[in-house]
């Protein structure tokens, strides 16, 4: 128990100690909760401007509640305040950047005060700033670039300086490197290849770049490697990176074999594959250097190292090749060593080896075939199975020609020189035509599928054939062949267009007209059969045609006034056909005399103030047949000032007149009867004046000058004009009374009337008035300003008494000095003059005082000049009246040194020692002062003299400076220059001739000479200057020292300007091209090269060699278009202009373009192609690619105006069988020629035979020069003029040049009425419209019987006809009267209204829709067109009118030709036509505002308020447009729709039931709608014109 108690006490003590320790260790206010003496917190740096990041821990571990227990504050002893307290939280005041500021931590003081005890405590706070990944690595040392050999092994490090730094900390600042694909645009812009894949970085953190794939310089010379540097942040999404580019330049190395190269070889990557060469030698002939085809043997190093190439013959067949052939190891030239005969071998096959001179010794081989030709004593002979053949026209390409033996023509070639076993050469055939060719088997075939036998082409083709060896060898004699073209029925008959035919009225059948069609085929193919296809106006049964002759005959009666359009079809034996329209007009009865005016000339005055519609005068004319006369103004009324009553002849004023614009009018007035016979009279109208214009001064403001101090001084003239006449134009002048001036009231002269004082008044301004002389005076005014000029009265004075100046000599017109005098006057006037001095050398500007030299001064003649200068205004001797000018002449280096004596030639030996004296020259200089007269000497010129001689600069001693035995020259010209040391340097040159005596002797077998004396070489014409033509080897050169003088020269017989020759390093003569050569100018050159050396060293027999240089043609000339009719207008040059006509048949040759090429063979052959052809051009034209002929494939009858003119381009291309071609382009402009475009230029003194196309073109060039327009030639005809009876007559002594004019810029053809043509005529272009024959009087054709026998019978027949007609008319009038009365009674019981008809309403062809079930009918009739006045068109349907009844209208059925039921066979046909001004269709008016025009209707009545009321008493109409202006247009019962007439009409044209008593007809096809076309003169047409046909 005691033990337990003791143990219990022990535990109690320990528990009390523990409780005491807990009480004593609890922190109090302002103490750190952790018990430490400082506080440590962590915070991240800011991302950008971030301020809201919190610390760790989030609150400061301080005991006590802020602002309750304790008060907290911060103290930043160093630097700015970065935090503020929010309770126990730290709030950032500005962003933290750990990297830029190197801010890893910061320290500040936390001040804590216990509120209860006021005790303070300061606690250090350490804020550790942790890094975030906010910086990307930055590459150092950029840009990166390295070079590497293309043979570098894979894995080799090529660049190890890639380095990027990152200012972040830890892993955020560690960089890794990667290669990524590059930007395509950047790579392409640098002309490089992306290095991705070709290079690698095997260790990312080291940045060493290695080769990953094989490199090839020939493929790629530069790579761009895109490298990315990325940091290693733990959060991969927040890793940052940057890029840099490493440029890797690949260097070439020796990895390519050499390659033979020549034009046209099969190549791969620039190297020829399996190269083959060929050459030939003639049997028994030593050729020397062989000519190699296709080019000379040449190999190049495919690397850029350009290693030298060594040539050798590696092997050959047969084995004896080495005996006969060798190759130059440096040039590759193959030489024949010995002559070879065909008995030894006919061909040698050699293997040529080209080896680089390098360590690798890379090589390649080529095959050379040398053919041994037999002796060519005879040319080839060509033979054929037949020399005559035949083929059908239009045969396709490849068709064989059949000979006279009915077998295909075949050609063969033989050569007498060829023996058994000799290789047969290949032959090519050359034909003088492109229409035929010879195929590979030797057959003659068609080469052009457009063979045409028909005119104007010839029916046969004759040409020649030559056979030539393919290698350009001998050619056969020409073989002539003729091929006859067999006709095919490929052309339809053509019926020519004809003018309308006047047919006499007849009762019996009679021939009317003969149709003559043409067919350019021949034989049976041209047999033509005629038939009538259609006759208008239901006249199908009135005419027949004879099938074989084409004679059209009438079948019965033809009445006067009838018109028919007969469509005739012409058909050949194959069925090809064409149609033509013959217009037949039945002539009316006799009408022989035109109306006659009462006077040929009328005179009438009219005041310019005459009122509108006032009468000027009246003209009268009477028709001999008492026909009604219609008046019209034909000409002279261009301004539309006057009008004439068509029935009365009263001429009235319709526009205001102005005499000042035009004082006289001359009108030509026509009087015309119904038969269109007319006569004219002249009306002369004089416009009288009224005072309607004010006087007008020539100027609105006049400015005059007058000197002061004079009275009556003339000031100036004013002038005014009045464009009135007589007293109305008399002008008088006046000025205000308060000015000191007077004016002559007649002349307008202004003078002063008192003395003016400049100092008092310097300027006057007033108004001058001009009045005319009329009673009611009119006036005009102008402003006048008079400026008073001051008068000078003070003499000028020089302020400077002496001028001294230096002037260089030899300078003309040199400004010496400007002297100055002062004039006290307000307007200074000073005139300078030289009073004393040499005026031949000096002059002075009289106004400015500038003194100049008149001639160059000479310092050596006079060194000083003195001038006395004064003024003309001051003649006194006072001080300042004159001034002195001292002129000192400065010396110039103006004299060149002159040699004192002529130098004679000297002779020296070639063994003379160096430094020995040759000659001494002396020169003197005439200048006055040094250094201008100090002389030195020098050698000049580019010859060899400066090598072997020199001159001492100060003494002029000439000495030898080198061994003369080095050169072969025996004569030297030493040019010595003496020059002074002035500025500029002056010099002169003298020449010393030095003769050198040479001598040398060597054995003949070691003398120098050419290896051969004759060479042949080929050079392309486009070879550049400096091209090596040939190297001429020199024998025995190795047996002489390289110091032995040797020279190659072209003799005088050679073309030195084109070629030059020089000595090579191997001491051979090389010939080079020195100028451009042209195959077209000269095809062959002959050169002679001469070898020169020391006398005795040259073999005279081989000292010269002749080289024949053949120029080979290349395609270096483009085609050039030929313009036979080149215009003088700049805008029209280089263009083809042509015309087409509406009646031009298909396939017509509209234009032929021609281009020429100067090249030869295929290079010069030209083919034509379309270029920039529009859809319209393709639609209308085709182009023959061989001939350049442009023809039409579509007629021009309905060409839209907006597509005219046709514009397109044609391209000419040469060498059509190759891709190596050149082109040229030309513009083509084709216009449509119509009658209003035609112009005529009369040449009265030159007949048609003497007028050539060239002379006509010269006339057109003259027109172009005056008009500025392009003039085109249409045709040439004999000169035409109007005969006495108005018919066209021909004058064979003259010529009419038919032409047309175009706008050269737009290409648009111009009409005669266009403004440019009128302007050209005004400018003196003497062209006119074609003459138009007068319309012949219509006469009745009478049978060709004698007048004495036919006249009585004709009179009896006429009397009988009148009797029958009168009886029929009487019966007809009575019947019509009874029927009309009956219908009138019925009409009184009915009301007017519109009733429907059972028939479908006819419609015009445009303006209404139609369908297959309800087509729009055509309207046809036989009519006589006549313009009718409003008053004349009031057809009366009242009972009083017995001459006309609506039932008398006769309708002709177009289906069966039968007449509709009418009362009489002689019924009258009425026709009314109305057309709106917009040129279109019936009632298709678009301008409803002008609906009420001069509309003429049948039985026209005054408009009522409702349109339907206007139908009373007329042919009724229906109007669906509620337009308040009256009827829209003139119609015959036509319904007018307002919706563009798109809706089908449902109302009849004529509502006959609306008119009482009228009987309905079955059809109304006689109603025709058309616009009357008046020609002959212009007039104001009414928008609506009405014609009546009776």
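Placement of Cβ uses the backbone N, Cα and C atoms for every residue, glycine included.
TrEMBL lists 1-25 with the feature signal peptide.
Under the heading domain 'Cadherin', TrEMBL lists 83-139 (among others).
TrEMBL lists 140-260 (among others) with the feature domain 'Cadherin'.
Taken from TrEMBL, the feature domain 'Cadherin' covers 273-382 (among others).
Residues or ranges marked as region 'Disordered' in TrEMBL: 381-403 (among others). Same-chain residues lying 6+ beyond the ends of the region 'Disordered' (381-403) with a Cβ under 8 Å from its Cβ atoms: 409-416, 436, 439, 443-454, 465-467, 476-477, 479-488, 490.
Look at TrEMBL and you will find 383-495 (among others) tagged as domain 'Cadherin'.
Residues or ranges marked as domain 'Cadherin' by TrEMBL: 512-597 (among others).
Marked as domain 'Cadherin' by TrEMBL: 598-697 (among others).
TrEMBL lists 698-798 (among others) with the feature domain 'Cadherin'.
Model confidence over the domain 'Cadherin' (799-899) stands at 88, taken as the mean pLDDT rounded to a whole number. Sequence annotations record features per position, and here TrEMBL assigns domain 'Cadherin' to 799-899 (among others).
The annotation domain 'Cadherin' is assigned in TrEMBL to 900-1006 (among others). Counting residues per DSSP class in helix, strand and coil order gives 10 helix, 44 strand, 53 coil for the domain 'Cadherin' (900-1006).
Annotated domain 'Cadherin' per TrEMBL: 1011-1121 (among others), in sequence order.
The annotation domain 'Cadherin' is assigned in TrEMBL to 1132-1246 (among others). Broken down by DSSP into helix, strand and coil, the domain 'Cadherin' (1132-1246) contains 17 helix, 50 strand, 48 coil.
Sequence annotations record features per position, and here TrEMBL assigns transmembrane segment to 1350-1375.
Look at TrEMBL and you will find 1395-1416 (among others) tagged as region 'Disordered'.
If you look up TrEMBL, you'll see 1456-1482 (among others) marked as region 'Disordered'.
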Residues in the domain 'Cadherin' (83-139) grouped by DSSP into helix, strand and remaining coil: 0 helix, 31 strand, 26 coil
Go ahead and report the DSSP secondary structure tallies for the domain 'Cadherin' (1011-1121): helix first, then strand, then coil. 6 helix, 51 strand, 54 coil
